[in-house]
Structures are given as C-alpha cells and as structure tokens.
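**Q** Quick paste of what Swiss-Prot says about this protein:
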{"type": "ACT_SITE", "residues": "171", "note": "active site, proton acceptor"}
{"type": "BINDING", "residues": "40, 41, 42, 43, 44, 45, 46, 47", "note": "ATP binding site"}
{"type": "DOMAIN", "residues": "3-245", "note": "domain 'ABC transporter'"}
C-alpha cells in the first residue's frame, strides 16, 4: 500500500494572526514496500508530513492519497479512522504516550479501539511484545517502572499491535544510547523485510544510507531533492549548501579524494567502501 501527496500545502493556525505556512505545494510518492527517508533541518516540514500521512492533520489544500482513500481539507473523522489503522505513527519519544496500568493493557488498547475483541487484542499485544524484543514476563508490569528503552519498545509494540501496512517513524531513536539505537533500527529493518512500508524522519545520514531505499530532502516546506540514497549523497556540494551532511564514510572518502584517491562514485556505507578498496 503506497501513499502519495498531491500539491499538498499546510498552514498552521490558518486565518489567525499567528498563521504559518509549513508546506508549499508538496508532491511526493511513497512507494509500497519502500523504506523512505525524509531529511532536512528543523522547520523544513518533515514532521508536518508525518502527521498528514495518517490524517492527524488535514491538508490546507491538495490531497493525500492512502491506498484508495483520499484525505483533503473536507475529510471527516469517520473517513480517516480506517487510515490510522493502516498507517502507524511513532512520534519522537513515543513513551510519553503510555498511559495504562500494565504493559499488556497499554499495547492492547489500540486494537480494541478499532473493534478487535479483548482476547485477540491481548494475543496481538503479546506477539508485538516479543517482536520488539521484550519478554512476556513484562505483561503485568506498570510500563512506568520500565527503563526508558523498554518503555519506548512498549510504545512501539502498541503501534505494531494494530498491524499497520505502513510505519511512520519521527526520529524514533532520539535520546537512546548507541546500543539501543542499533537494536531499534535493526527491528525496523526486519519489519521492512517482512513487507511493511517504512517512512523515516531522521537527521542521522548513516541511518539513511544503511536502511533507506529512497530519500527526500526538505527545505523550508518544499521538496528540493529526491532519489536513492546513493544518488542523493553524491550531491555533496548541494547538501552542504543546504547545511546538511553526508554519511561518515562518505565524508572520509571525500578526505581521501582530496589526497588524490579516485572514486568512480562516493561510497555511502562501510560495506561499499570496503568493496571499493578490495576490488577497486
């Protein structure tokens, strides 16, 4: 199931003295089965797009198409609710959304809210708990007694229990230590391999290079560049003009290039760099 934004604009607090336009005539397609990243500075419109994808925001103009459902400025909540089951949204610091007295109850809430029986919702909750790498033994614990990393996994399990076709991630590893970040990104990779479409907002270019199949560069509410990570990270001068970085290994390759080493194309992952060194 893919998503497309067609000439989408969005204005915060429209019609008030405080109105601010966040998106300008945005057109982009997120292909079914892709792992699509959005990069750009704070205020570029990335997080606004995330909340348009599952109907939390309605476009001021233009439309968002999710499968065969159209979201526009006139869409009603009853039309949008089924989309929120298909498109799971993981905010930054999703653990702040936890509320129930037990882990099981918290994870099962979403499916039950969409009409799933309590028994099936709890079964889904246990499956999702295992999927995010947590033990069934945590089911009766208060989520607020868990570590920060465990709380985040419980929050993500609550989204996965709704069995979304698309998972939208807004800086999902913010605040985690390196090991926790690695484990979570590995989980998202496995979910992508299982057939879930992933949409990632991040400022970590190494994650874009390692995991994404497509990347969109945002600036001041506009899409300024799209392509594969390999293609986008070749445009070093353009990215630096936008004050955006490249993967660490690409930066290292640029330093080697300055010393006379020649690359047919700049490597964007460590594996690619090693391949170039070994085979030329």
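Every residue, even glycine, has its Cβ placed from backbone N, Cα and C.
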**Q** Over the domain 'ABC transporter' (3-245), what is the model's mean pLDDT?
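**A** Averaged over the domain 'ABC transporter' (3-245), per-residue pLDDT gives 95.
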**Q** Taking 42, 44 as the binding-site residues to compare, which has the smallest set of other Cβ atoms within 10 Å?
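**A** Candidates: the binding-site residues 42, 44. Fewest Cβ atoms within 10 Å: 42.
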**Q** Write out the long-range same-chain contacts of residue 43 (ATP binding site), meaning residues 6 or more apart in sequence whose Cβ is under 8 Å from its Cβ.
**A** 220
**Q** Any idea which of the binding-site residues 41, 46 has the thinnest Cβ neighbourhood at 10 Å?
**A** 41
**Q** May I ask for the distance between residue 44 (ATP binding site) and the residue listed as 'active site, proton acceptor', taken between their Cα atoms and rounded to an integer number of Å?
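**A** That separation, Cα to Cα, works out to 14 Å.
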**Q** Restricting to the binding-site residues 40, 41, 42, 45, 47, which ones have a CA within 10 Å of the CA of residue 171 (active site, proton acceptor)?
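**A** The binding-site residues close to residue 171 (active site, proton acceptor) (Cα within 10 Å), listed in sequence order, are 47.
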**Q** If I restrict to non-local contacts, at least six residues apart, and a C-beta distance under 8 angstroms, what lies near residue 45 (ATP binding site) in its own chain?
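**A** Sequence-distant Cβ neighbours: 10, 22, 23, 26, 218, 220, 221, 222.
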**Q** Specify the secondary structure state of residue 47 (ATP binding site) as given by DSSP, simplified to three classes.
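**A** Looking at the DSSP assignment, residue 47 (ATP binding site) belongs to a helix.
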